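Relevant sequence annotations retrieved from Swiss-Prot are reproduced here:
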BINDING   Arg26, Gln27, Ala28, Gly29, Arg30, Phe45, Asp75, Tyr151, Ser206, His320  substrate binding site
SITE      Asp75  site 'Transition state stabilizer'
Amino acid sequence: MHSKNNTILKMIKGEEVTHTPVWFMRQAGRSQPEYRALKEKYSLFEITHQPELCAYVTHLPVDNYQTDAAILYKDIMTPLKPIGVDVEIKSGIGPVISNTIKTVQDVEKLGQIDPKRDVPYVLDTIKLLTEEKLNVPLIGFVGAPFTLASYMIEGGPSKNYHFTKAMMFRDEATWFALMDHLVDMSITYASAQIEAGAELIQIFDSWIGALNAVDFNYYIKPSMERLIKGIKAQHDVPIILFGVNATHLIEEWNNLPIDVLGIDWRTTIKETSDSGVAKTIQGNLDPSLLLAPWDVIQPRLDKILDEGMQHGKHIFNLGHGVFPEVNPDTLKQITAYVHDYTKRK
């Protein structure tokens, strides 16, 4: 039995490592032929609700690509249905919600989550992976309050988040009631994942880039602080915060009690480091480059890895998720290249 590869945890703690750790957002499913074969037999609902299937999909990229972490194959919407949100994942669209939040009474109708009762299949998947002696740390995750709220108010993905921002600006009572409810839910859900065996938590804030720094500080930051501190009060595990198009919020994020700051491809690790970030930085290859030839990918990798080693604490990842069209061999090649290029002498 090989000893466990804890490189990602060591990197975050500032301990000595043999190489820069690698994992990919959306590494589980989508681009993998084994997953596509599974989808011919089972629906997405069946895969996510059957722990054996879900654990298999979660484990695949660790076996196939040799990544330094696994991320649970779930969706950020998972805890919403149990609290009374009528959400469906529609192909080609994403999450669609029919009972949108419009008033404080709508928020008051939402229930509380009990993970053991409401999402036992999530916890059973994590336990199964732990029992199978997954050789790398497992990342659990939650959606950030703003991103979850935007889905619940808009009814689905949005280009401008007009309804979400309008509620923020004109109905603070409803807005902060919704924030509080989502923070409570996410603390409970994240804690249950950790108790089942997750060793890190990533907070996905996909749509936070819609806000400027002033509005983030007033309408969002207190909720984010309460979420992060709430998880850490119960469990001493590293927390990664990742957002899209949020370069202008790096200073605000750096002041949050997170351990890892995840960046997209719109900035650089050097710029992030130079702005005063001393935490571990995660990122940040443009996922579109995965469709490019290797001679285009390699110099971009070199730059990211050089800047990461200069910064000192770096987890290699993409600037967003893996596309379904990506060749799995490319991910395998990148992982091997990162491990080799960053091998500590």
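The chain as shown is numbered from 1 upward.
Using N, Cα and C of the backbone, Cβ positions are placed for all residues, glycine too.
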Out of Ala28, Arg30, Ser206, which of the binding-site residues has the smallest number of neighbouring Cβ atoms within 10 Å?
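Fewest other Cβ atoms within 10 Å, among the binding-site residues Ala28, Arg30, Ser206, is found for Arg30.
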Between all pairs in Arg26, Gln27, Ala28, Gly29, Arg30, Phe45, Asp75, Tyr151, Ser206, His320 (listed as substrate binders), what's the biggest Cα distance, rounded to the nearest Å?
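About 24 Å separates the two most distant Cα atoms.
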Using a 10 Å radius around its CB, how many other CB atoms surround Arg26 (substrate binding site)?
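So the Cβ neighbour count for Arg26 (substrate binding site) comes to 18.
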For Asp75 (substrate binding site), list the number of other Cβ atoms lying within 10 Å of its Cβ atom.
16
